[in-house]
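The domain 'Anoctamin transmembrane' annotation in TrEMBL covers 195-575. Annotated transmembrane segment per TrEMBL: 203-232, 238-256, 309-332, 352-372, 395-416, in sequence order.
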Amino acid sequence: MKETWSFLDTFEPNFRPLVVIELAKGTKKETIEWFTKRIVDKKANGGAQLLIKPLVTENGDENIYLVGASQLRLLLGAETVGLVKECNDNSMRSFTYSSRKTFKDFADDNQNFLTMSECQYIIKHELENLRAKDEKMIPGYPQAKLYPGKSIVRRLLTNGILVQIFPLHDREELKKLRHTWYGRVKIGYQPLDEIRSYFGETIALYFGFLEYFTFALIPMAVIGIPYYVFAWEDYDKYVMFATFNLLWSTVILEVWKRICAVMTYRWGTLLMKRQFEEPRPGFHGALGINPVTGREEPVYSSIKRQLRIYLVSVPFVCLCLYFSLYVMMIYFDLEHWALDYHEENNSTFSSLMLYVPSIIYAVVIEIMNRIYRYAAEFLTSWENHRLESSYQNHLILKVLVFNFLNCFASLFYIAFVLFDMKLLRQSLATLLITSQILNQFAESLLPYWLQKRHVKKIKKHTHSLKTEMDLSLVEQVNLEKEMGTYFGTFDDYLELFLQFGYVSLFSCVYPLAAVFAVLNNITEIYSDALKMCRVYKRPFAEPTANIGVWQLAFETMSVISVVTNCILIGMSPQVNALFPDSKMDLVLTVALVEVGARTGGCKRYEVLLS
């Protein structure tokens, strides 16, 4: 019997929409029939064995579909993706359907054994693994070629037939989460378990790291306030603070590893087996055989990729770094002009003008960082990396190298070439505060204002509809499909990485850096929570056991900060007075302090934790 939409309506009486699929308007009927049939078809026939229904709209267009799954299908999917759940004996094990009775809170009638985000992750996994069998092309689109084993969803996305796939919000759960997360101003921990249950481990770990980093900054802030007040004009009295700074930057990352491991073990992702990584959607090449899987898929010469990296990407990055240094020298010319202007006029206005070059430079840095980010994404995509992890690693490396030089080169120049601690304090304060204000506006306030305007338009339109369909569901889908897409935690971690650099590298000459970082992070927690719940579509949950390559990035910054603070200590008049005759003894002492800070301090704290 041919499956019709009425048959699907009765197939699962308690259909629960979990994921929204939006096709391009005007998508050919044969394409829709073929794609939806593959979604509902049995696994044995190469389908996903999911449930799908069209969303009825005012004009009758069927380009939006709701996807769900039966409880049995979701449980079998949980076993397929390797979800780890807690057992009755309090141990953590990968879920298997055959031993389902041994898992805590499992019951045949318990629809909440799997969280909504886990169900949506399972559906996403099944959709992405819909693969072509004998089809040579997408029906109705001869130019969209297919071959056995090719992901159907990825081909539809790259050809513009499939506009987007996103998980639906659970309005009741979201309302509860908003109330406990940011609905009221309170001093306390974030509901990380609830965030993980709703958004998944990747986002929960980001907010956990943001919270932990904020608390870790408090000792620096507490010590920094009296240090700043009582040594305001004495820029050379920073030895004690620099010593504390280099120890702090080393210890906090080791403590985070332990906290992260505890959280991810409780969530079950620490024990999850890493799945075989499929080729990323943008990867292209001549059709060939994968030597590992034996499947037919695009292959691309690694030699060609290396040539693109070393002959194009590396020279481009070097050119951008040179341009950044050129802009930095223009900034110093402006600083010299502002200082001459102040010496000539010596007025209140001229005193304020001293801060103008730093403010302009801070704004230019933010603009350059964002422009370079787009260029880096284009270049990394053009390099044609096969795996998403390889793509992300190359992108992060490009962005971190440029951002580090762009943000911190002027501070290193002032500290170790000009030896001007007063200018270093002024520049650090201006760069830190200006970047925080710009980031808060660009990442949270502006998107939230634009989203509020859009919501008013959509609500005004949907309330005028005359349909028998559940109006609230139509309204919800129409609201969410127009929301911005959350592209992951890259920018959020990058902001924290730069902030960590400002605090750990040179805050000994500006002890209030940690104070402003704490204030910024408190508002960041609330603004990021607001944008996750109100501004962006709900992202798919992504299981993870740690913060990934960012852990290495922060540890690298920690090493640089230890070296920087040791050099600053060696430059201080107090330490130089201890070695009036032999500068070689001073150099060796500084080197020993660096080694001791990186090895001994770290190991002692690991022993203390264990």
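The backbone N, Cα and C atoms fix where each Cβ goes, glycine too.
Note that the structure is predicted; figures quoted are calculated from it, not measured.
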Point to revise | Contact between the transmembrane segment (309-332) and the transmembrane segment (203-232) (3 or more Cβ pairs under 8 Å, separation 6+) | key: no
Review point. When you scan the chain for residues with a C-beta under 8 Å from the transmembrane segment (352-372), skipping those not six or more beyond its ends, what do you find?
Key: 320, 324, 327-328, 331, 334-335, 337-339, 341-342, 399, 402-403, 406-407, 410, 426-427, 430-431, 434-435, 438-439
Exercise for review: Quickly jot the same-chain residues contacting the transmembrane segment (395-416) by Cβ under 8 Å, restricted to those at least six beyond its ends, or write none.
Suggested key: 313, 317, 320-321, 324-325, 328, 331-332, 361, 365, 368-369, 372-373, 376-377, 379-380, 423-424, 427-428, 431, 435, 490, 494, 497-498, 501-502, 505-506, 509, 549-550, 553, 564, 567-568
